[in-house]
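A.B. asks: The following feature annotations were taken from TrEMBL:
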TRANSMEM  A:32-52  transmembrane segment
TRANSMEM  A:67-87  transmembrane segment
TRANSMEM  A:99-119  transmembrane segment
DOMAIN    A:146-327  domain 'ABC transmembrane type-1'
TRANSMEM  A:152-175  transmembrane segment
TRANSMEM  A:187-204  transmembrane segment
TRANSMEM  A:210-231  transmembrane segment
TRANSMEM  A:252-282  transmembrane segment
TRANSMEM  A:302-327  transmembrane segment
Amino acid sequence: MTNPTFEDVAVAPPRGAIPTVRSPVDRSAPSGLVGLLAAATWLAAAGTIRYWPDVPEVSWDRTEEFALLLAAGASTIAVLTIAAQWLAPLRRVRSAAPWLVVIGLIFAVWEVATAKTAVLPMPFFPPPQAIFEVLIDDHKRLLDCVLASGKLLAGGYVIGATLGFVAGVAIGWSVKAGYWIHPILRFIGPLPATAWLPLAFFVFPTSLSASTFLIALATGFPVTVLTWSGVAGVNSTYYDVGRTLGASSRFLVFKVAIPAAMPYVFVGLFMGLGNSFAVLVVAEMLGVKSGLGWYLQWSQGWAAYANMYTALFIMALVCSGLITLLFRVRDSLLSWQKGLVKW
Amino acid sequence: MVIAQSHPVASPRDPAAGAGAGAGAGTRLEAVDVSHRFDLHGEPLPVLEHIDLTVEPGEFVALLGPSGCGKSTLLRLVAGLDLPTEGELWVDGRRIEGPDPSRVVVFQDPTLYPWRTVWRNAALGPEAQGILRQQRGRIEDVLRLVGLSTFAKAYPHQLSGGMAQRAALARALVNEPSLLILDEPLGKLDSLTRITMQSELVSLWQRSGFTALLVTHDVEEALYLAQRVVVLSDRPARIKAEIVNERPYPRRRGDPYLTELRHRVLAELGLDATW
């Protein structure tokens, strides 16, 4: 079996996003002019949305509000950019400025291509204000879906990560545990968790418990493998040092092996999180009658494409937020380490 | 072995005896006909052969030999990390059957736990033995002794090589070892730091009174530090010669007597052709 090594994992771009490496001192920070340019593009997008008439066939309820929102965004960017001349903590807005320019342009181009000229055919490609409309008008259902997905994900992830961690430490530490767990892991682990889906949905009493099981499985495998390689790779002189200083095997496991393996464990937790997203969405599309995956499927069924894009947008926000959270936890726990993978 | 009978019956170490005892607690070490073999792909590989060695309480002995000869193996046996294939090792009349905090090793690499600060690394021994609460003051004392008080909260990756090795020394000394086992502890330091640390080692040893067993392949270092230099042969290691260095401390590096001894040691190692 080819277990992913730490180096493989550490340099592989995380699922769904490219890691950005932020240099501590950003000498190439753009000047305030770029910030003002960003404000201008946002204002231009707002003007386009507000004053360019929509194609006659369709109309949207919240065009006006969305234009106002972009205009408010434009003035916020402008104010922050100008204030940053004097307030050092606001300088961060400068490094975001080029991106803000691009975002303003995207809004303008998107708007023109959809609502204003219908170059992109209509029901399939809604304009930005349609997404905004869904966010406002359907926020209750969306919030319910986020909570439902969150609950399911949290349950499965915590169970999978805990069991994976314990199994990984056991295999890495004890020859006997390795003898029994390793072949199972080797045989079942590479199977994608979604392959269990049909079985899980009739073995488990509820679709919720079935999905929890699948998410736990998807999380557990990478966590087990990486915890195990972390524990197995601990410098053996660390144990020699501990033993000469009077450490019991309990101490060697909890105070030496586990802390030394933590960088690997976090790589496993990170990979497990990516896997768990995939399984969550599939499970929600196929069996569970709630959550963002279900919302995606449901809105597609009603040809409510704006709702579908909105769900995708929220999903990206949530997944990226969770990964960021995981990396924050890691950074604070592993502050002793140099050269961490950045997010 | 017959000689074993001449030793008193083993008595468990009084756990209270070491704590706060301070100086003068050196231990007597005896290796009696020790041989050791490694199992290399099913073939026995002899590493040590018939080593007989006695180190008196408070003595500073250096083991000198070509690299890979088995010096470090002998240290692991003394530390109790491995058990000898044949023969016996005794400290103060008790047979060595496993590691013990009274016999601490300082390795060639500092081997500090990178996830612990200097203070928490130094606290490792008391913490592992469950007596950290009583020993807090001692940890601070020892860090001051090795000059690391201001770095107590630093992580190992923030330390220079010399500082890291001092932290490793502190981690050992906190346990008030009666035998300090030094496995080329200065081997990876730059030559200037090494000279400073050699003098520091001597004064620590003089102050604390432990027995010191040093492995090195640096002839000069062995002669500068030790009262007796035991020269080992190529693998399998046998004791080739013992050279007593009677110079009192502090020693001077330019001492012609040390130069003379150095010539003798190199001759024992078969390296005097370049003299």
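Just so you know, glycine gets a Cβ as well, placed from its N, Cα and C.
Show me how these features fit into the shown structure, please.
C.D. replies: A Cβ distance under 8 Å defines the sequence-distant neighbours of the transmembrane segment (A:67-87), meaning residues of its chain 6+ beyond its ends; these are 32, 35-36, 38-40, 42-43, 45-47, 49-50, 93-94, 97, 100, 104, 107, 129, 132.
Within the chain, the transmembrane segment (A:99-119) has long-range Cβ neighbours (under 8 A, six or more residues past its boundaries) at 34-35, 37-38, 40-42, 44-45, 48-49, 52-55, 57-58, 60, 63, 70, 74, 77, 125-129.
Below 8 angstroms of C-beta separation, residues 181-182, 185, 208, 211-232, 253, 257-258, 261, 265, 268-269, 272-273, 276-277, 279-280, 283-284, 288, 291 of the same chain, each at least six residues beyond the ends of the transmembrane segment (A:152-175), sit close to that stretch.
For the transmembrane segment (A:252-282), the residues of the chain that approach it from at least six positions outside its boundaries are 4, 6, 9-10, 14-16, 149, 152-153, 156-157, 160-161, 164-165, 168-169, 172-173, 193-194, 197, 211, 214-215, 217-227, 229-231, 233-235, 238-239, 242-243, 291-293, 296, 315, 319, 322-323, 326-327, 330, 333-334, 337, 341, judged by C-beta separation under 8 angstroms.
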